[in-house]
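So that you can see what the record holds, here are the features copied from Swiss-Prot:
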REPEAT    7-46  repeat 'WD 1'
REPEAT    52-93  repeat 'WD 2'
REPEAT    100-141  repeat 'WD 3'
REPEAT    146-197  repeat 'WD 4'
REPEAT    204-246  repeat 'WD 5'
REPEAT    253-292  repeat 'WD 6'
Amino acid sequence: MVTIGNAHDDLIHDAVLDYYGKRLATCSSDKTIKLFEVEGTENYKLVETLIGHEGPVWQVAWAHPKFGSILASCSYDGKALIWKEQPETQQWSIIAEHTVHQASVNSVSWAPHELGAILLCTSSDGKVSVVDFNDDGTTSHIIFDAHAIGVNSASWAPLSNNNTKGKDTNSIRRFVTCGSDNLAKIWKFDSSKNAYIEEAVLEGHTDWVRDVCWSPSILIRSYIATASQDRTVLIWSQDNNGKWQKQLLTEEMFPDVCWRCSWSLSGNILAVSGGDNKVSLWKENLQGKWESAGEVE
């Protein structure tokens, strides 16, 4: 484990490696984003500080490298900013501002790159927006009501080789959102209406759902994990009839609020971070039960 000291002047809310694991982006309540070059296993060199937000920056997300060196960020200031590094000068600049929300933008997430450059944003105004960055340099967006009290996070459904062959990619745009209404919801794009339609409601938590994460498509089954203020994590999977069923990650409640959940790249390990400043790792056993696979403090 590596500790990066004195990186920000306030709380750090997110830290994400790029596609190749060569650069680390962090964001903070100090309103800045920091970029580090990863040199070896223990050396992180600060190379850039991005200044553009007017409030705490909650989350950052790297686009797939096929689109260039592009980073999205979201903030309490109600904006999502798109940053790009110019290859010739290696200087970063804002290439787009997404300002359709009326409150804090809480998360940003790029769609699977096969679908194109598409950014999903969630906000405390209760709305979700999906921004398409077109090849001609223009942008278009769809914004809709998702969770009345506020949307906290979202995660795209993975693409598998089976569901992309011979199909219009618009038909497989799906993602899951979670909100302060204690719910998670699955949305699917309807190209005939140019709108996202509610496909399923995942009801099982008794307090705000803080994070949601859809597992990668490598697995035979597809899982969704939801982490909640109620100190539980639920694992959702579809039965043979396509209905989503829930399972408690662990029968015992977590010591504190569950803030974030994240699947490993292979999709077989789930990491959960909580208000007790610990990260716990979980793995499914052969009986279909989830068991502890370690802890990071």
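Placed from the backbone N, Cα and C atoms, the Cβ positions cover glycine too.
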For the repeat 'WD 6' (253-292), the number of residues DSSP places in helix, strand and coil: 0 helix, 21 strand, 19 coil
Positions whose Cβ lies under 8 angstroms from the repeat 'WD 6' (253-292), at least six residues beyond its ends: 210-219, 223, 225-233, 235, 247
Close approaches to the repeat 'WD 2' (52-93) from elsewhere in its chain (Cβ under 8 angstroms; 6 or more beyond its ends): 10-11, 13-14, 16-20, 23, 25-33, 35, 99, 101-110, 113, 117, 119, 121, 123, 131, 133
Other parts of the chain folded back onto the repeat 'WD 5' (204-246), taken as Cβ under 8 Å at six or more residues beyond its ends: 152-160, 175-180, 182-184, 186, 253-263, 265-268, 270, 272, 274, 290
Chain residues outside the repeat 'WD 1' (7-46) and at least six past its termini with a C-beta under 8 angstroms from it: 53-62, 64-65, 71, 73, 75, 83, 92
Secondary structure content of the repeat 'WD 1' (7-46), with strand meaning DSSP E or B: 0 helix, 24 strand, 16 coil
